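Only one structure is covered here, and it is reproduced in the block below.
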């Protein structure tokens, strides 16, 4: 039993050692203010047109999301957004309310996975890419690069240890 536990521990240590954090660079190319949010890491930010926000996502992050909130008004860390609101919080710890265009990802292992989803509705155009994979662009609700229903097959993969770019209004 001890030998089995040692093997499992060594395999887990090798997996963690081979994976590293990913950097997400989020840029607002819209002509209006966007308040990007990210879960389970990242929280939230306010981006003027042309602004950039960078977050670090640790290896092993599963079911991560980045989305743009619009029509927001905050005071003292709380407020409200017209689209993508996450319980009135500036720094989101839970997912936003539809409609919202989502960049979805899982980081770690031999390959990362990523996609754009409009299952929860469309609120702002988005491009999403990794440093070693296909660039996805979604400019409207009929976007062919996005998931529209759960059975759609729109997930892409990247080599592990890739970095990502999310652009609003590409």
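If you go along the chain as it appears here, the first residue is 1 and each next one adds 1.
Each Cβ is built from the backbone N, Cα and C atoms, and glycine gets one as well.
Automatic, uncurated: that is what TrEMBL annotation is.
Keep in mind that what you see is a predicted model, and the values were worked out from it rather than measured.
TrEMBL lists 72-81 (among others) with the feature disulfide bond. Counting only residues at least six positions away in the same chain, the Cβ atoms of 33, 35, 46, 79, 80, 81, 82, 85 sit under 8 Å from the Cβ of residue 72 (disulfide bond).
Other Cβ atoms within 10 Å of the Cβ of residue 86 (disulfide bond), summed over all protein chains shown, number 22. If you look up TrEMBL, you'll see 86-92 (among others) marked as disulfide bond.
If you look up TrEMBL, you'll see 1-21 marked as signal peptide.
Non-local contacts of residue 92 (disulfide bond) by the CB criterion (under 8 A, 6+ apart in sequence, same chain) comprise 37, 38, 39, 42, 43, 44, 86. All protein chains shown were included, and the count of other CB atoms within 10 Å of the CB of residue 81 (disulfide bond) stands at 24.
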